[in-house]
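Undergrad: This is the structure I want to talk about, given as C-alpha coordinates.
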Amino acid sequence: MEHSSASVPAALPYYVAFSQLLGLTVVAVTGAWLGLYRGGIAWESSLQFNVHPLCMVIGMIFLQGDALLVYRVFRREAKRTTKILHGLLHVFAFIIALVGLVAVFDYHKKKGYADLYSLHSWCGILVFVLYFVQWLVGFSFFLFPGASFSLRSRYRPQHIFFGATIFLFSVGTALLGLKEALLFKLGSKYSTFEPEGVLANVLGLLLVCFGVVVLYILAQADWKRPSQAEEQALSMDFKTLTEGDSPSPQ
(Lines of atoms letter the chains of each structure in order from A and count residues from 1; the text may use other names and numbers.)
(Lines give C-alpha, C1' and ligand atoms only; values in the text may rest on other atoms or scores of the structure.)
Protein backbone atom coordinates (compact mmCIF):
# COMPACT_ATOMS: atom_id res chain seq x y z
CA MET A 1 0.00 0.00 0.00
CA GLU A 2 2.84 2.40 0.79
CA HIS A 3 4.36 1.80 -2.63
CA SER A 4 1.01 2.39 -4.29
CA SER A 5 0.41 5.66 -2.45
CA ALA A 6 3.85 6.93 -3.45
CA SER A 7 3.57 5.91 -7.09
CA VAL A 8 3.23 8.50 -9.82
CA PRO A 9 -0.33 8.74 -11.25
CA ALA A 10 -0.31 7.40 -14.79
CA ALA A 11 -1.54 10.57 -16.49
CA LEU A 12 0.45 13.10 -14.45
CA PRO A 13 3.75 12.94 -16.42
CA TYR A 14 1.90 13.54 -19.68
CA TYR A 15 0.07 16.59 -18.34
CA VAL A 16 3.29 17.98 -16.87
CA ALA A 17 5.13 17.43 -20.16
CA PHE A 18 2.28 19.09 -22.04
CA SER A 19 2.39 22.06 -19.67
CA GLN A 20 6.12 22.48 -20.29
CA LEU A 21 5.64 22.25 -24.04
CA LEU A 22 2.97 24.94 -23.82
CA GLY A 23 5.07 27.13 -21.52
CA LEU A 24 8.15 26.99 -23.73
CA THR A 25 5.99 27.64 -26.77
CA VAL A 26 4.52 30.72 -25.06
CA VAL A 27 8.03 32.07 -24.41
CA ALA A 28 9.13 31.27 -27.98
CA VAL A 29 6.07 32.86 -29.58
CA THR A 30 6.52 35.94 -27.39
CA GLY A 31 10.09 36.22 -28.62
CA ALA A 32 8.97 35.72 -32.21
CA TRP A 33 6.30 38.41 -31.89
CA LEU A 34 8.76 40.91 -30.44
CA GLY A 35 11.45 40.01 -32.96
CA LEU A 36 9.31 39.96 -36.09
CA TYR A 37 6.97 42.87 -35.41
CA ARG A 38 8.50 44.97 -32.61
CA GLY A 39 12.17 45.12 -33.63
CA GLY A 40 13.55 42.88 -30.88
CA ILE A 41 14.73 43.96 -27.43
CA ALA A 42 17.42 46.31 -26.12
CA TRP A 43 17.84 48.31 -22.93
CA GLU A 44 19.28 51.58 -24.22
CA SER A 45 16.95 52.33 -27.12
CA SER A 46 13.29 52.63 -28.06
CA LEU A 47 13.22 48.82 -27.89
CA GLN A 48 13.49 48.95 -24.10
CA PHE A 49 9.73 48.63 -23.79
CA ASN A 50 9.92 45.16 -25.34
CA VAL A 51 11.90 43.94 -22.34
CA HIS A 52 8.68 44.29 -20.34
CA PRO A 53 6.43 41.72 -22.07
CA LEU A 54 9.26 39.21 -22.46
CA CYS A 55 10.26 39.38 -18.79
CA MET A 56 6.67 39.24 -17.59
CA VAL A 57 5.89 36.17 -19.69
CA ILE A 58 9.04 34.38 -18.53
CA GLY A 59 8.70 35.39 -14.88
CA MET A 60 5.04 35.84 -14.00
CA ILE A 61 3.69 33.16 -16.35
CA PHE A 62 6.21 30.41 -17.15
CA LEU A 63 8.37 30.34 -14.01
CA GLN A 64 5.47 31.05 -11.67
CA GLY A 65 3.53 28.18 -13.25
CA ASP A 66 6.50 25.85 -12.90
CA ALA A 67 6.96 26.86 -9.26
CA LEU A 68 3.35 25.85 -8.59
CA LEU A 69 3.98 22.42 -10.14
CA VAL A 70 7.05 21.59 -8.05
CA TYR A 71 5.07 19.60 -5.48
CA ARG A 72 3.40 17.57 -8.25
CA VAL A 73 6.63 16.79 -10.12
CA PHE A 74 8.99 16.04 -7.22
CA ARG A 75 6.93 13.51 -5.32
CA ARG A 76 9.63 11.39 -3.66
CA GLU A 77 12.41 13.90 -3.11
CA ALA A 78 13.11 15.29 0.36
CA LYS A 79 10.53 17.85 1.44
CA ARG A 80 13.32 20.26 2.38
CA THR A 81 14.73 20.16 -1.17
CA THR A 82 11.29 20.55 -2.73
CA LYS A 83 10.46 23.57 -0.56
CA ILE A 84 13.71 25.29 -1.45
CA LEU A 85 13.22 24.66 -5.18
CA HIS A 86 9.64 25.97 -4.95
CA GLY A 87 10.85 29.12 -3.20
CA LEU A 88 13.80 29.67 -5.54
CA LEU A 89 11.67 29.43 -8.67
CA HIS A 90 9.41 32.11 -7.21
CA VAL A 91 12.46 34.26 -6.44
CA PHE A 92 13.72 33.94 -10.02
CA ALA A 93 10.25 34.75 -11.33
CA PHE A 94 10.04 37.83 -9.09
CA ILE A 95 13.49 39.13 -10.11
CA ILE A 96 12.79 38.70 -13.82
CA ALA A 97 9.40 40.38 -13.44
CA LEU A 98 11.05 43.23 -11.51
CA VAL A 99 13.41 43.79 -14.46
CA GLY A 100 10.35 43.96 -16.69
CA LEU A 101 8.73 46.55 -14.44
CA VAL A 102 11.87 48.69 -14.28
CA ALA A 103 12.11 48.53 -18.07
CA VAL A 104 8.61 49.84 -18.70
CA PHE A 105 8.79 52.62 -16.09
CA ASP A 106 12.20 53.72 -17.36
CA TYR A 107 10.93 53.68 -20.94
CA HIS A 108 7.90 55.78 -20.02
CA LYS A 109 10.12 58.25 -18.17
CA LYS A 110 12.43 58.68 -21.16
CA LYS A 111 9.50 59.16 -23.54
CA GLY A 112 7.47 61.36 -21.21
CA TYR A 113 4.54 58.93 -21.13
CA ALA A 114 2.10 58.72 -18.23
CA ASP A 115 2.29 55.78 -15.83
CA LEU A 116 -0.37 53.62 -14.24
CA TYR A 117 -3.47 54.91 -16.02
CA SER A 118 -4.63 51.76 -17.84
CA LEU A 119 -6.49 48.73 -16.49
CA HIS A 120 -3.52 46.57 -17.48
CA SER A 121 -1.12 48.67 -15.41
CA TRP A 122 -3.42 48.67 -12.39
CA CYS A 123 -3.84 44.90 -12.56
CA GLY A 124 -0.12 44.46 -13.17
CA ILE A 125 0.96 46.43 -10.11
CA LEU A 126 -1.65 44.70 -7.97
CA VAL A 127 -0.63 41.19 -9.03
CA PHE A 128 3.06 42.03 -8.60
CA VAL A 129 2.50 43.30 -5.05
CA LEU A 130 0.31 40.30 -4.20
CA TYR A 131 2.96 37.97 -5.59
CA PHE A 132 5.64 39.56 -3.41
CA VAL A 133 3.44 39.43 -0.31
CA GLN A 134 2.53 35.79 -1.04
CA TRP A 135 6.21 34.90 -1.23
CA LEU A 136 7.08 36.73 1.98
CA VAL A 137 4.24 35.10 3.91
CA GLY A 138 5.04 31.69 2.45
CA PHE A 139 8.69 32.08 3.41
CA SER A 140 7.71 33.07 6.94
CA PHE A 141 5.45 30.06 7.39
CA PHE A 142 7.27 27.30 5.52
CA LEU A 143 10.98 28.17 5.36
CA PHE A 144 11.73 30.58 8.18
CA PRO A 145 12.50 28.89 11.53
CA GLY A 146 9.75 29.23 14.10
CA ALA A 147 6.43 28.25 12.51
CA SER A 148 4.86 25.13 14.01
CA PHE A 149 3.28 22.28 12.07
CA SER A 150 -0.17 23.25 13.35
CA LEU A 151 0.24 26.86 12.23
CA ARG A 152 1.49 25.74 8.83
CA SER A 153 -1.40 23.34 8.47
CA ARG A 154 -3.93 26.10 9.14
CA TYR A 155 -2.31 28.48 6.65
CA ARG A 156 -1.51 25.94 3.91
CA PRO A 157 -4.99 25.98 2.24
CA GLN A 158 -4.87 29.79 2.00
CA HIS A 159 -1.34 29.67 0.60
CA ILE A 160 -2.38 27.20 -2.09
CA PHE A 161 -5.56 29.12 -2.95
CA PHE A 162 -3.85 32.51 -3.25
CA GLY A 163 -0.97 30.99 -5.20
CA ALA A 164 -3.35 29.64 -7.84
CA THR A 165 -5.39 32.87 -7.81
CA ILE A 166 -2.34 35.07 -8.35
CA PHE A 167 -1.22 32.84 -11.22
CA LEU A 168 -4.66 33.10 -12.84
CA PHE A 169 -4.59 36.87 -12.28
CA SER A 170 -1.16 37.00 -13.93
CA VAL A 171 -2.44 35.27 -17.06
CA GLY A 172 -5.41 37.65 -17.25
CA THR A 173 -3.15 40.68 -16.83
CA ALA A 174 -0.89 39.43 -19.62
CA LEU A 175 -3.90 39.14 -21.92
CA LEU A 176 -4.91 42.72 -21.10
CA GLY A 177 -1.40 43.93 -21.87
CA LEU A 178 -1.26 42.01 -25.13
CA LYS A 179 -4.52 43.51 -26.34
CA GLU A 180 -3.43 46.99 -25.25
CA ALA A 181 -0.16 46.70 -27.19
CA LEU A 182 -2.00 45.59 -30.32
CA LEU A 183 -4.56 48.38 -30.18
CA PHE A 184 -1.87 51.03 -29.64
CA LYS A 185 0.08 49.94 -32.70
CA LEU A 186 -2.50 48.51 -35.09
CA GLY A 187 -5.55 50.59 -34.21
CA SER A 188 -8.38 49.92 -36.66
CA LYS A 189 -6.11 47.64 -38.71
CA TYR A 190 -6.41 45.05 -35.94
CA SER A 191 -9.81 44.09 -37.37
CA THR A 192 -8.31 43.36 -40.81
CA PHE A 193 -6.42 40.26 -39.65
CA GLU A 194 -2.99 41.84 -39.77
CA PRO A 195 -0.28 39.14 -39.42
CA GLU A 196 0.93 40.65 -36.15
CA GLY A 197 -2.58 40.60 -34.76
CA VAL A 198 -3.07 36.96 -35.75
CA LEU A 199 0.23 35.91 -34.15
CA ALA A 200 -0.58 37.84 -30.98
CA ASN A 201 -4.03 36.23 -30.83
CA VAL A 202 -2.35 32.82 -31.06
CA LEU A 203 -0.05 33.88 -28.22
CA GLY A 204 -3.09 34.84 -26.16
CA LEU A 205 -4.67 31.43 -26.71
CA LEU A 206 -1.42 29.73 -25.74
CA LEU A 207 -1.30 31.76 -22.52
CA VAL A 208 -4.82 30.63 -21.68
CA CYS A 209 -4.01 27.00 -22.47
CA PHE A 210 -0.89 27.05 -20.31
CA GLY A 211 -2.83 28.55 -17.42
CA VAL A 212 -5.65 26.02 -17.76
CA VAL A 213 -3.30 23.01 -17.85
CA VAL A 214 -1.32 24.20 -14.82
CA LEU A 215 -4.49 24.84 -12.82
CA TYR A 216 -5.95 21.49 -13.90
CA ILE A 217 -2.86 19.68 -12.59
CA LEU A 218 -3.12 21.56 -9.31
CA ALA A 219 -6.83 20.79 -8.98
CA GLN A 220 -6.43 16.99 -9.07
CA ALA A 221 -6.49 15.86 -5.45
CA ASP A 222 -5.02 12.43 -6.22
CA TRP A 223 -2.04 14.06 -7.95
CA LYS A 224 -0.87 15.82 -4.80
CA ARG A 225 2.49 14.87 -3.37
CA PRO A 226 1.87 12.07 -0.84
CA SER A 227 2.89 12.66 2.76
CA GLN A 228 6.11 10.98 3.80
CA ALA A 229 6.37 9.72 7.37
CA GLU A 230 9.96 10.91 7.65
CA GLU A 231 9.20 14.45 6.48
CA GLN A 232 9.93 17.13 9.06
CA ALA A 233 9.52 20.88 8.92
CA LEU A 234 12.43 22.89 7.59
CA SER A 235 12.06 25.03 10.71
CA MET A 236 14.55 24.32 13.48
CA ASP A 237 11.94 25.01 16.16
CA PHE A 238 12.26 21.64 17.91
CA LYS A 239 9.24 22.15 20.13
CA THR A 240 7.04 21.40 17.13
CA LEU A 241 8.17 17.78 17.38
CA THR A 242 6.10 17.41 20.56
CA GLU A 243 2.90 18.95 19.22
CA GLY A 244 1.65 15.78 17.60
CA ASP A 245 1.04 17.39 14.19
CA SER A 246 2.29 15.87 10.97
CA PRO A 247 2.89 17.33 7.54
CA SER A 248 0.02 17.27 5.10
CA PRO A 249 0.25 16.78 1.33
CA GLN A 250 0.50 19.77 -0.98
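Yeah, the Cβs are placed from backbone N, Cα and C, and that goes for glycine too.
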Undergrad: Is it the case that LYS109 shares a side of the membrane with THR82, at least as far as the topological domain names in Swiss-Prot go?
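TA: Membrane side for THR82 and LYS109, as annotated in Swiss-Prot: different.
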Undergrad: Sort the residues of the topological domain 'Vesicular' (179-197) into helix, strand and coil with DSSP and give the three counts.
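TA: Split into helix, strand and coil, the topological domain 'Vesicular' (179-197) gives 17 helix, 0 strand, 2 coil.
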Undergrad: Report the listed stretch (16-36, 51-71, 84-104, 124-144, 158-178) having the maximum count of Cβ pairs within less than 8 Å of the transmembrane segment (198-218).
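TA: That would be 16-36.
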Undergrad: What is the total of other Cβ atoms whose distance to the Cβ of LYS83 (L-ascorbate binding site) is within 10 Å?
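TA: The answer is 19 other Cβ atoms.
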